[in-house]
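According to Swiss-Prot, the protein has these features:
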BINDING   Glu367  [CaMn4O5] cluster binding site
MOD_RES   Thr15  phosphothreonine
MOD_RES   Thr15  N-acetylthreonine
TRANSMEM  69-93  transmembrane segment
TRANSMEM  134-155  transmembrane segment
TRANSMEM  178-200  transmembrane segment
TRANSMEM  255-275  transmembrane segment
TRANSMEM  291-312  transmembrane segment
TRANSMEM  447-471  transmembrane segment
Amino acid sequence: MKTLYSLRRFYPVETLFNGTLALVGRDQETTGFAWWAGNARLINLSGKLLGAHVAHAGLIVFWAGAMNLFEVAHFVPEKPMYEQGLILLPHLATLGWGVGPGGEVIDTFPYFVSGVLHLISSAVLGFGGIYHALLGPETLEESFPFFGYVWKDRNKMTTILGIHLILLGIGAFLLVLKALYFGGVYDTWAPGGGDVRKITNLTLSPSVIFGYLLKSPFGGEGWIVSVDDLEDIIGGHVWLGSICILGGIWHILTKPFAWARRAFVWSGEAYLSYSLGALSVFGFIACCFVWFNNTAYPSEFYGPTGPEASQAQAFTFLVRDQRLGANVGSAQGPTGLGKYLMRSPTGEVIFGGETMRFWDLRAPWLEPLRGPNGLDLSRLKKDIQPWQERRSAEYMTHAPLGSLNSVGGVATEINAVNYVSPRSWLATSHFVLGFFLFVGHLWHAGRARAAAAGFEKGIDRDLEPVLSMTPLS
């Protein structure tokens, strides 16, 4: 009779993520993992795994510092940041360093300092990584029990979780301190076209902060991505920082409840899967944030959003034709709808033409021209400022829309600049990374659950191709 199930199911299987096998060395024979499996060889060597993590941090910080200095070296102050392929300097500018009114860069020295500090930090991390990978103790449990761990020790794992949460909370409060006391941050909504300012009136109301979480993610609602107020952003970081720190203290002081012990798989591979899942969510949220939000990601540095570029085109031609004598309030377009202005489904006065689909856009160069019922016709005739005209003309030709050969711009805009917007680049890269992190989460979660159930998913170790290959040494 043919067996319909794997006999392996009935034997306890210890994958090498479980941390119960007494292993030494870093080769195939002693770990079960070949050299190309990377850090999997170090699962039960806490000292060496620490070295790998510290060295990895060093590589990350080295890239940040080197790329930072590369962007500073190539930066042209006369051109907008978003036209120069910059992805790091916009973040520094958003934090208020080196910029003045209108987002104009007035000093590149803070950017240079940032790059140098990251390079110095990467050297320290690099030396630490090399030390722990090559010279330090293989395991930490004996000599440094505070830093040692066993993957199945639930209490130790939640203590480590708590420490991480506290560090995240401190990071959130660093932004709060920068905004409140150390020079402020760049506010794209500051009167006259944006400026650096200190945040003096934080939004701490839980109904406002947590109200964002209850919003619909669609249309004009936009969930947390719809935030358009720096007071709300910094106040949200106060809440997040407090929750992370209090949650961290909670996890350090307590042991997992019975339901948590039953619900979760407690192994190294399970923790890896949880981490990848969390990073995936972060990536998808960051993708939406950088694509749609022009407050946390000011258009002066990242370029306009797609809807913003489209609305800017309509506004630019309204300004032009109004000067040529057109009555923008009553002119009819080819479809019978208003050529320049029309009404939204809720009765607001909005721009006409194809940009009507973006009628709920909010942008600092446009909001001064709105009244209680949408765009105010009298303001459009009398109150348009030169900086609004200049900015909309610039945004009209720099839409974050591009094909594979980098030909970008609104489809109907013949003057579009051929470039890749950092907004496009950051949104796309975070979506792609978020997707692959999610796939990694599913893969490792499946393996971890299978191991907990008593069998191992993946390539049969007896049939691994590497076993038939010639050894490297």
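Along the chain as shown, residues are numbered 1 onward.
Positions of Cβ are set from backbone N, Cα and C atoms, glycine also.
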When only pairs 6 or more apart in sequence are counted, do the transmembrane segment (291-312) and the transmembrane segment (134-155) reach 3 or more Cβ pairs under 8 Å?
no
Honestly, do the transmembrane segment (255-275) and the transmembrane segment (134-155) touch, with at least three Cβ pairs under 8 Å and pairs 6 or more apart in sequence?
yes
Using a 10 Å cut-off, grab the number of neighbouring Cβ atoms around the Cβ of the residue listed as '[CaMn4O5] cluster binding site', all chains included.
11
Going by DSSP, give the three-state secondary structure for Glu367 ([CaMn4O5] cluster binding site).
helix
